[in-house]
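Student: First the structure, then my questions, so here it is.
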Amino acid sequence: MPPSISAFQAAYIGIEVLIALVSVPGNVLVIWAVKVNQALRDATFCFIVSLAVADVAVGALVIPLAILINIGPQTYFHTCLMVACPVLILTQSSILALLAIAVDRYLRVKIPLRYKTVVTPRRAAVAIAGCWILSFVVGLTPMFGWNNLNAVERAWAANGSVGEPVIKCEFEKVISMEYMVYFNFFVWVLPPLLLMVLIYLEVFYLIRKQLNKKVSASSGDPQKYYGKELKIAKSLALILFLFALSWLPLHIFNCITLFCPSCHKPTILIYIAIFLTHGNSAMNPIVYAFRIQKFRVTFLKIWNNHFRCQPAPAVDEDPPEERPDD
(Lines of atoms letter the chains of each structure in order from A and count residues from 1; the text may use other names and numbers.)
(Lines give C-alpha, C1' and ligand atoms only; values in the text may rest on other atoms or scores of the structure.)
Protein backbone atom coordinates (compact mmCIF):
# COMPACT_ATOMS: atom_id res chain seq x y z
CA MET A 1 0.00 0.00 0.00
CA PRO A 2 1.45 3.40 -0.92
CA PRO A 3 2.54 5.39 2.16
CA SER A 4 0.46 8.38 0.99
CA ILE A 5 -2.77 6.46 1.70
CA SER A 6 -3.86 6.57 5.34
CA ALA A 7 -5.72 3.82 7.17
CA PHE A 8 -8.88 5.92 7.00
CA GLN A 9 -8.50 6.32 3.24
CA ALA A 10 -7.88 2.58 2.90
CA ALA A 11 -11.14 1.89 4.76
CA TYR A 12 -12.93 4.40 2.52
CA ILE A 13 -11.53 2.77 -0.61
CA GLY A 14 -12.52 -0.69 0.65
CA ILE A 15 -16.14 0.36 1.24
CA GLU A 16 -16.33 2.08 -2.16
CA VAL A 17 -14.96 -1.01 -3.92
CA LEU A 18 -17.52 -3.18 -2.09
CA ILE A 19 -20.35 -0.89 -3.25
CA ALA A 20 -19.06 -1.07 -6.84
CA LEU A 21 -18.85 -4.87 -6.69
CA VAL A 22 -22.52 -5.01 -5.72
CA SER A 23 -23.75 -2.20 -7.97
CA VAL A 24 -22.21 -3.20 -11.30
CA PRO A 25 -23.24 -6.90 -11.41
CA GLY A 26 -26.66 -6.12 -9.90
CA ASN A 27 -27.54 -3.51 -12.49
CA VAL A 28 -26.05 -5.52 -15.34
CA LEU A 29 -28.44 -8.28 -14.22
CA VAL A 30 -31.35 -5.82 -14.46
CA ILE A 31 -30.40 -4.91 -18.04
CA TRP A 32 -29.89 -8.59 -18.86
CA ALA A 33 -33.32 -9.48 -17.43
CA VAL A 34 -35.07 -6.91 -19.63
CA LYS A 35 -33.18 -8.20 -22.66
CA VAL A 36 -34.12 -11.86 -22.19
CA ASN A 37 -37.71 -11.47 -20.95
CA GLN A 38 -40.21 -10.16 -23.51
CA ALA A 39 -42.63 -9.39 -20.67
CA LEU A 40 -40.20 -6.72 -19.44
CA ARG A 41 -40.20 -4.72 -22.68
CA ASP A 42 -42.80 -2.02 -21.95
CA ALA A 43 -41.96 1.66 -21.40
CA THR A 44 -41.61 1.43 -17.63
CA PHE A 45 -38.91 -1.22 -17.85
CA CYS A 46 -37.13 0.68 -20.63
CA PHE A 47 -36.86 3.63 -18.24
CA ILE A 48 -35.67 1.22 -15.54
CA VAL A 49 -32.92 0.08 -17.95
CA SER A 50 -31.88 3.72 -18.40
CA LEU A 51 -31.70 4.03 -14.61
CA ALA A 52 -29.68 0.81 -14.42
CA VAL A 53 -27.22 2.07 -17.05
CA ALA A 54 -26.60 5.17 -14.92
CA ASP A 55 -26.11 2.95 -11.85
CA VAL A 56 -23.64 0.71 -13.71
CA ALA A 57 -21.68 3.84 -14.65
CA VAL A 58 -21.68 4.93 -11.00
CA GLY A 59 -20.03 1.67 -9.99
CA ALA A 60 -17.69 1.41 -12.97
CA LEU A 61 -16.75 5.09 -13.42
CA VAL A 62 -17.86 7.42 -10.63
CA ILE A 63 -16.63 5.30 -7.73
CA PRO A 64 -13.11 4.86 -9.19
CA LEU A 65 -13.00 8.62 -9.85
CA ALA A 66 -14.23 9.29 -6.29
CA ILE A 67 -11.42 7.12 -4.96
CA LEU A 68 -8.96 9.08 -7.11
CA ILE A 69 -10.29 12.39 -5.77
CA ASN A 70 -10.09 11.08 -2.19
CA ILE A 71 -6.41 10.31 -2.68
CA GLY A 72 -6.08 13.91 -3.87
CA PRO A 73 -3.58 13.83 -6.76
CA GLN A 74 -2.00 17.01 -8.05
CA THR A 75 -3.67 17.84 -11.38
CA TYR A 76 -4.47 20.73 -13.66
CA PHE A 77 -7.70 22.52 -12.75
CA HIS A 78 -9.65 21.42 -15.83
CA THR A 79 -8.45 17.83 -15.49
CA CYS A 80 -9.88 17.75 -11.98
CA LEU A 81 -13.07 19.39 -13.24
CA MET A 82 -13.50 16.63 -15.83
CA VAL A 83 -13.07 14.03 -13.09
CA ALA A 84 -15.75 15.71 -10.95
CA CYS A 85 -18.46 16.13 -13.61
CA PRO A 86 -19.49 12.50 -14.36
CA VAL A 87 -21.26 12.12 -11.02
CA LEU A 88 -23.34 15.23 -11.82
CA ILE A 89 -24.35 13.79 -15.20
CA LEU A 90 -25.31 10.39 -13.81
CA THR A 91 -27.20 11.80 -10.83
CA GLN A 92 -29.28 13.96 -13.16
CA SER A 93 -29.89 11.01 -15.47
CA SER A 94 -31.18 8.97 -12.52
CA ILE A 95 -33.53 11.76 -11.42
CA LEU A 96 -34.96 12.20 -14.92
CA ALA A 97 -35.37 8.43 -15.35
CA LEU A 98 -37.27 8.29 -12.06
CA LEU A 99 -39.45 11.17 -13.23
CA ALA A 100 -40.14 9.41 -16.53
CA ILE A 101 -41.09 6.24 -14.63
CA ALA A 102 -43.47 8.23 -12.41
CA VAL A 103 -45.15 9.89 -15.42
CA ASP A 104 -45.42 6.51 -17.15
CA ARG A 105 -47.17 4.91 -14.16
CA TYR A 106 -49.51 7.90 -13.94
CA LEU A 107 -50.53 7.49 -17.58
CA ARG A 108 -51.12 3.76 -17.06
CA VAL A 109 -53.77 4.42 -14.41
CA LYS A 110 -55.12 7.69 -15.83
CA ILE A 111 -55.69 6.54 -19.43
CA PRO A 112 -55.41 2.73 -19.39
CA LEU A 113 -57.38 2.28 -22.61
CA ARG A 114 -55.29 4.79 -24.58
CA TYR A 115 -51.98 4.12 -22.83
CA LYS A 116 -50.42 1.96 -25.56
CA THR A 117 -51.30 4.47 -28.27
CA VAL A 118 -49.90 7.38 -26.26
CA VAL A 119 -46.75 5.73 -24.85
CA THR A 120 -45.26 4.08 -27.93
CA PRO A 121 -41.77 2.49 -28.05
CA ARG A 122 -40.62 5.37 -30.29
CA ARG A 123 -41.81 8.02 -27.83
CA ALA A 124 -40.25 6.14 -24.93
CA ALA A 125 -36.91 6.02 -26.80
CA VAL A 126 -37.14 9.76 -27.53
CA ALA A 127 -37.89 10.44 -23.85
CA ILE A 128 -34.87 8.38 -22.74
CA ALA A 129 -32.59 10.14 -25.24
CA GLY A 130 -33.93 13.52 -24.12
CA CYS A 131 -33.26 12.64 -20.47
CA TRP A 132 -29.64 11.75 -21.22
CA ILE A 133 -29.04 14.84 -23.38
CA LEU A 134 -30.46 17.09 -20.67
CA SER A 135 -28.36 15.26 -18.05
CA PHE A 136 -25.17 15.98 -20.01
CA VAL A 137 -26.12 19.66 -20.35
CA VAL A 138 -26.82 20.03 -16.62
CA GLY A 139 -23.85 17.93 -15.50
CA LEU A 140 -21.33 19.58 -17.81
CA THR A 141 -22.40 23.15 -16.97
CA PRO A 142 -19.32 23.58 -14.72
CA MET A 143 -17.14 22.82 -17.76
CA PHE A 144 -18.76 25.78 -19.54
CA GLY A 145 -17.58 28.25 -16.91
CA TRP A 146 -19.67 27.92 -13.72
CA ASN A 147 -16.79 26.71 -11.56
CA ASN A 148 -14.13 27.92 -9.12
CA LEU A 149 -11.45 28.72 -11.71
CA ASN A 150 -11.33 32.46 -10.96
CA ALA A 151 -10.76 31.93 -7.25
CA VAL A 152 -8.12 29.27 -7.91
CA GLU A 153 -6.36 31.48 -10.47
CA ARG A 154 -6.23 34.39 -8.01
CA ALA A 155 -4.63 32.16 -5.38
CA TRP A 156 -2.28 30.72 -8.03
CA ALA A 157 -1.20 34.19 -9.19
CA ALA A 158 -0.80 35.41 -5.60
CA ASN A 159 1.88 32.75 -5.15
CA GLY A 160 3.72 34.08 -8.20
CA SER A 161 2.87 31.10 -10.37
CA VAL A 162 1.96 31.28 -14.04
CA GLY A 163 0.05 29.05 -16.48
CA GLU A 164 -2.94 26.85 -15.73
CA PRO A 165 -3.26 26.24 -11.98
CA VAL A 166 -2.14 22.89 -10.60
CA ILE A 167 -4.21 21.91 -7.57
CA LYS A 168 -4.87 19.04 -5.22
CA CYS A 169 -7.92 17.55 -6.93
CA GLU A 170 -10.93 17.88 -4.63
CA PHE A 171 -14.61 18.17 -5.59
CA GLU A 172 -15.32 21.39 -3.66
CA LYS A 173 -12.13 22.99 -4.95
CA VAL A 174 -13.32 22.92 -8.57
CA ILE A 175 -17.14 22.74 -8.38
CA SER A 176 -18.89 25.96 -7.33
CA MET A 177 -21.22 25.59 -4.35
CA GLU A 178 -23.47 28.23 -5.96
CA TYR A 179 -23.87 25.84 -8.90
CA MET A 180 -24.46 22.84 -6.63
CA VAL A 181 -27.10 24.57 -4.49
CA TYR A 182 -28.86 27.18 -6.63
CA PHE A 183 -28.76 25.36 -9.97
CA ASN A 184 -28.24 21.64 -9.33
CA PHE A 185 -30.25 21.21 -6.12
CA PHE A 186 -32.87 23.98 -6.22
CA VAL A 187 -33.64 23.56 -9.94
CA TRP A 188 -32.76 20.03 -11.07
CA VAL A 189 -33.02 17.86 -7.93
CA LEU A 190 -35.54 19.21 -5.43
CA PRO A 191 -38.38 20.26 -7.83
CA PRO A 192 -38.34 16.91 -9.73
CA LEU A 193 -38.38 15.01 -6.42
CA LEU A 194 -41.34 17.04 -5.15
CA LEU A 195 -43.11 16.60 -8.50
CA MET A 196 -42.60 12.84 -8.32
CA VAL A 197 -44.06 12.74 -4.81
CA LEU A 198 -47.16 14.54 -6.08
CA ILE A 199 -47.41 12.21 -9.09
CA TYR A 200 -47.25 9.06 -6.94
CA LEU A 201 -49.80 10.49 -4.51
CA GLU A 202 -52.12 11.04 -7.48
CA VAL A 203 -51.37 7.53 -8.79
CA PHE A 204 -52.27 5.97 -5.44
CA TYR A 205 -55.42 8.12 -5.25
CA LEU A 206 -56.57 7.07 -8.75
CA ILE A 207 -55.88 3.40 -8.08
CA ARG A 208 -57.70 3.43 -4.73
CA LYS A 209 -60.59 5.27 -6.35
CA GLN A 210 -60.88 2.68 -9.11
CA LEU A 211 -60.56 -0.23 -6.68
CA ASN A 212 -63.33 1.21 -4.54
CA LYS A 213 -65.63 1.93 -7.52
CA LYS A 214 -64.70 -1.31 -9.30
CA VAL A 215 -65.26 0.36 -12.67
CA SER A 216 -63.88 -1.60 -15.60
CA ALA A 217 -61.01 0.25 -17.29
CA SER A 218 -59.32 -2.59 -19.14
CA SER A 219 -60.15 -5.73 -21.03
CA GLY A 220 -59.59 -7.81 -17.90
CA ASP A 221 -60.81 -7.76 -14.34
CA PRO A 222 -60.41 -4.16 -13.03
CA GLN A 223 -59.78 -5.37 -9.50
CA LYS A 224 -56.90 -7.48 -10.79
CA TYR A 225 -55.57 -4.77 -13.14
CA TYR A 226 -55.50 -1.97 -10.58
CA GLY A 227 -54.32 -4.29 -7.82
CA LYS A 228 -51.21 -5.05 -9.87
CA GLU A 229 -50.77 -1.38 -10.73
CA LEU A 230 -50.89 -0.58 -7.01
CA LYS A 231 -48.24 -3.19 -6.22
CA ILE A 232 -45.85 -1.97 -8.91
CA ALA A 233 -46.47 1.69 -8.01
CA LYS A 234 -45.54 0.92 -4.39
CA SER A 235 -42.30 -0.74 -5.53
CA LEU A 236 -41.34 2.18 -7.78
CA ALA A 237 -42.28 4.71 -5.07
CA LEU A 238 -39.91 2.80 -2.78
CA ILE A 239 -37.14 3.28 -5.38
CA LEU A 240 -37.89 7.02 -5.31
CA PHE A 241 -37.88 7.10 -1.50
CA LEU A 242 -34.49 5.36 -1.34
CA PHE A 243 -33.07 7.76 -3.93
CA ALA A 244 -34.22 10.80 -1.93
CA LEU A 245 -32.98 9.27 1.33
CA SER A 246 -29.59 8.61 -0.26
CA TRP A 247 -29.03 11.97 -1.96
CA LEU A 248 -30.69 14.61 0.23
CA PRO A 249 -28.10 14.41 3.08
CA LEU A 250 -25.23 15.35 0.74
CA HIS A 251 -27.22 18.19 -0.79
CA ILE A 252 -28.05 19.44 2.72
CA PHE A 253 -24.33 19.46 3.49
CA ASN A 254 -23.77 21.49 0.30
CA CYS A 255 -26.36 24.02 1.51
CA ILE A 256 -24.58 24.26 4.86
CA THR A 257 -21.26 24.80 3.06
CA LEU A 258 -22.73 27.66 1.01
CA PHE A 259 -24.92 29.39 3.58
CA CYS A 260 -22.83 28.76 6.70
CA PRO A 261 -19.16 28.44 5.71
CA SER A 262 -18.03 28.62 9.33
CA CYS A 263 -20.31 25.81 10.47
CA HIS A 264 -18.55 22.60 11.44
CA LYS A 265 -19.40 19.53 9.37
CA PRO A 266 -18.25 16.25 10.96
CA THR A 267 -16.05 14.41 8.48
CA ILE A 268 -17.58 11.05 9.31
CA LEU A 269 -21.07 12.35 8.47
CA ILE A 270 -19.83 13.66 5.12
CA TYR A 271 -18.37 10.27 4.29
CA ILE A 272 -21.61 8.55 5.31
CA ALA A 273 -23.50 10.91 2.99
CA ILE A 274 -21.09 10.04 0.15
CA PHE A 275 -21.49 6.31 0.81
CA LEU A 276 -25.28 6.73 0.70
CA THR A 277 -25.16 8.41 -2.72
CA HIS A 278 -22.94 5.71 -4.19
CA GLY A 279 -24.72 2.90 -2.35
CA ASN A 280 -28.05 3.95 -3.87
CA SER A 281 -26.85 2.52 -7.19
CA ALA A 282 -26.71 -0.93 -5.55
CA MET A 283 -30.16 -0.73 -3.91
CA ASN A 284 -32.45 -0.82 -6.94
CA PRO A 285 -31.71 -4.40 -8.15
CA ILE A 286 -32.39 -5.63 -4.62
CA VAL A 287 -35.75 -3.85 -4.57
CA TYR A 288 -36.66 -5.26 -7.99
CA ALA A 289 -35.77 -8.78 -6.89
CA PHE A 290 -37.87 -8.65 -3.73
CA ARG A 291 -40.78 -6.51 -4.93
CA ILE A 292 -41.37 -7.15 -8.66
CA GLN A 293 -42.12 -10.77 -9.53
CA LYS A 294 -41.22 -10.52 -13.21
CA PHE A 295 -37.71 -9.43 -12.28
CA ARG A 296 -37.42 -12.05 -9.57
CA VAL A 297 -38.31 -15.00 -11.79
CA THR A 298 -36.13 -13.67 -14.63
CA PHE A 299 -33.16 -13.27 -12.26
CA LEU A 300 -33.69 -16.88 -11.19
CA LYS A 301 -33.88 -18.01 -14.81
CA ILE A 302 -30.58 -16.24 -15.63
CA TRP A 303 -28.97 -17.78 -12.54
CA ASN A 304 -30.23 -21.27 -13.38
CA ASN A 305 -29.23 -21.06 -17.04
CA HIS A 306 -25.82 -19.42 -16.74
CA PHE A 307 -24.38 -19.78 -13.23
CA ARG A 308 -25.62 -23.04 -11.70
CA CYS A 309 -23.31 -26.04 -11.97
CA GLN A 310 -26.29 -28.37 -12.31
CA PRO A 311 -29.25 -27.73 -14.63
CA ALA A 312 -32.42 -26.64 -12.87
CA PRO A 313 -36.09 -26.93 -13.79
CA ALA A 314 -37.32 -24.23 -16.13
CA VAL A 315 -38.72 -21.11 -14.50
CA ASP A 316 -41.83 -19.50 -16.01
CA GLU A 317 -40.62 -16.00 -16.84
CA ASP A 318 -44.17 -14.59 -16.99
CA PRO A 319 -46.40 -16.26 -14.36
CA PRO A 320 -50.11 -16.40 -15.23
CA GLU A 321 -51.11 -13.97 -12.53
CA GLU A 322 -48.81 -11.30 -14.01
CA ARG A 323 -49.43 -11.68 -17.75
CA PRO A 324 -51.44 -8.44 -18.21
CA ASP A 325 -49.45 -5.22 -18.76
CA ASP A 326 -47.61 -4.74 -15.48
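Each Cβ is built from the backbone N, Cα and C atoms, and glycine gets one as well.
According to TrEMBL, the feature domain 'G-protein coupled receptors family 1 profile' maps to 26-288. For 12-33, 45-69, 75-103, 124-146, 185-207, 232-248, 268-290, the entry in TrEMBL reads transmembrane segment.
How buried are these features, and what lies next to them?
Tutor: Same-chain neighbours of the transmembrane segment (12-33): 5, 40, 48-49, 52-53, 55-56, 58-60, 63-64, 66-67, 70, 271, 275, 278-279, 281-282, 284-286, 288, 295, 298-299, 302, counting only residues six or more beyond its ends whose CB sits under 8 Å from a CB of the stretch.
For the transmembrane segment (124-146), the residues of the chain that approach it from at least six positions outside its boundaries are 43, 46-47, 50, 78, 81-82, 84-93, 96-97, 100, 104, 174-176, 178-179, 183-184, 188, judged by C-beta separation under 8 angstroms.
Within its own chain, the transmembrane segment (232-248) is flanked in space by residues 44, 91, 94-95, 98, 101-102, 105, 109, 189, 193, 196-197, 200, 203-204, 207, 276-277, 279-280, 283-284, 287-288, 291-292, 326, which lie at least six positions past its ends and keep a Cβ under 8 Å from the stretch.
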